[in-house]
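Among the features that TrEMBL reports, domain 'Response regulatory' is placed at B:10-149. What TrEMBL lists as 4-aspartylphosphate is B:D82. Marked as region 'Disordered' by TrEMBL: B:156-208. Here TrEMBL flags B:165-187 as compositional bias 'Low complexity'.
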Amino acid sequence: MEYSNLRRQIIFMKKNLFDQGYLDEQFNQLEELQDESSPNFVEEVAALFFKDSSRLLTNIEQAIDKYPQDFYRLDSLVQQLKGSGSSIGALRMKNECSVFKANCNDRNLEGCRRSLQKMKREHATLKQKLESYFQLLRQVGPRDYAVSSRK
Amino acid sequence: MAVAIEAPFHVLAVDDSLPDRKLIERLLKTSSFQGLAFVCVVTTVDSGSKALEFLGLHDHEDSPISAQSDQQEVAVNLIITDYCMPGMTGYDLLKKIKESSYLRDIPVVIMSSDNIPSRINRCLEEGADEFFLKPVRLSDMSKLKPHILKSRCKEHYQQEQHLQSNSESNNSSNPTSENSSSSTSSNSHKRKAVDEEILPHTIRPRHS
C-alpha cells in the first residue's frame with residue numbers, strides 16, 4: 001500500500017534525524033503539542049526558527065567581519081542562536097554553538113570563523129532535512145500522522 | 001445572589017526569541033491546567049520595556065497610568081519572562097514589577113537556558129515564583145497550577161466583596177466605599193465556599 005509505505009518512510013526519516021544527532025527529545029515535545037487545534041504547529045515553529053536563525057547568522061557574520069571584533073556581542077548572538085536551537089531540538093546546532101561560545105570566550109577569531117562556517121552548514125542541512133520530513137507528513141495528512149507519532 | 005463571571009486567565013509572556021514566544025504560547029494554551037474551568041489567554045511581547053508598557057507602567061514610575069488599579073484596562077494574572085534579553089533583562093523586569101505597588105502581587109516566572117544556581121537564587125530572592133530551565137516543556141506547566149489557583153481564589157474573594165458592596169449600596173441610600181466593611185464572618189464564609197468550588201476539580205494530566 002502506497003500509504004503504509006509513506007508512513008514507514010516518515011518513521012525511518014525521523015529515526016535517522018535522531019540517530020544522526022540532528023534532533024533531540026525537544027522535537028518530540030513539539031510534536032506532542034500538535035493537534036487538531038494547531039495542526040501545523042511543528043512546521044510553524046520550525047519556520048520561525050529558521051527565519052530567526054538566518055537573521056542571527058547574518059548578524060554573527062557581520063560581527064566577525066567587523067574590526068575590532070566585539071567578542072562580547074558575538075557571544076551574545078551565539079547564545080541567542082543556541083537558545084532558540086535548543087527550543088526546537090536542533091541538537092547539532094546547539095552543540096556547535098557551545099564550541100562557538102568557547103571560541104568567543106578565548107577571543108579566538110580563527111576558531112570563530114570556523115564555527116560560523118560549520119554553523120551555516122548545519123543550519124542549511126537541518127533546514128533541508130526538515131523540509132523533506134514535513135513534505136512527507138503533508139502527503140500522509142495530519143490526522144493520520146497524529147496516530148503514528150504516538151507509537 | 002449574583003454569580004461571579006469567570007474571567008479568562010491572562011498570561012503575559014516576554015521573550016525576545018520568536019520561536020520561543022510561539023512555543024510558550026502553545027504550552028500555556030495546551031497544558032493540563034486547562035482542566036480548570038477557565039480559558040487561558042496569552043499575550044506575547046518581545047521585550048521587558050514592552051511588557052511594562054502593556055502592564056501600564058512606565059520605566060521611571062511605579063504608579064500606573066490610571067490612578068486606580070481596578071480601572072486597569074487589561075488584567076494580567078501571570079507573567080512569564082525570559083532571563084536573557086537585550087536591554088532590560090528578565091531580572092530587571094522582575095525587579096520593576098515587584099517594586100510596583102499595584103503589580104507586585106502578580107506571580108512572575110523566569111525562564112533561562114542557563115542552569116546557574118546563583119542566578120536562580122537571585123531571581124527567587126527578588127520574588128520570582130518559579131524558575132523554568134529552557135527548553136520549556138509541557139511538564140513544566142503543572143508547576144504553574146498552584147499560582148493559578150491562588151490567583152483565582154483571591155480574585156473570587158475580591159469579586160465577591162465587590163458584588164456584595166454593590167448590592168449593599170443598591171439597598172441603602174447612603175453611599176458605601178468600594179471596599180465595604182461587611183462583617184468579617186460572612187466574608188470568610190463566602191471565601192470558604194469559593195475555595196471548595198475551585199479546588200476539588202480533578203486535574204488529569206493530558207500528557208504523561
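Every residue, even glycine, has its Cβ placed from backbone N, Cα and C.
Automatic prediction, not curation, is the source of TrEMBL annotations.
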Residues that sit under 8 angstroms from the residue listed as '4-aspartylphosphate' by C-beta distance, when 6+ apart in the chain: B:V14, B:D15, B:D16, B:S17, B:D20, B:G90, B:I110, B:M111, B:S112, B:K134
Tally of residues which DSSP labels helix, strand or coil - the domain 'Response regulatory' (B:10-149): 58 helix, 25 strand, 57 coil
Across the domain 'Response regulatory' (B:10-149), average pLDDT on the 0 to 100 scale: 87
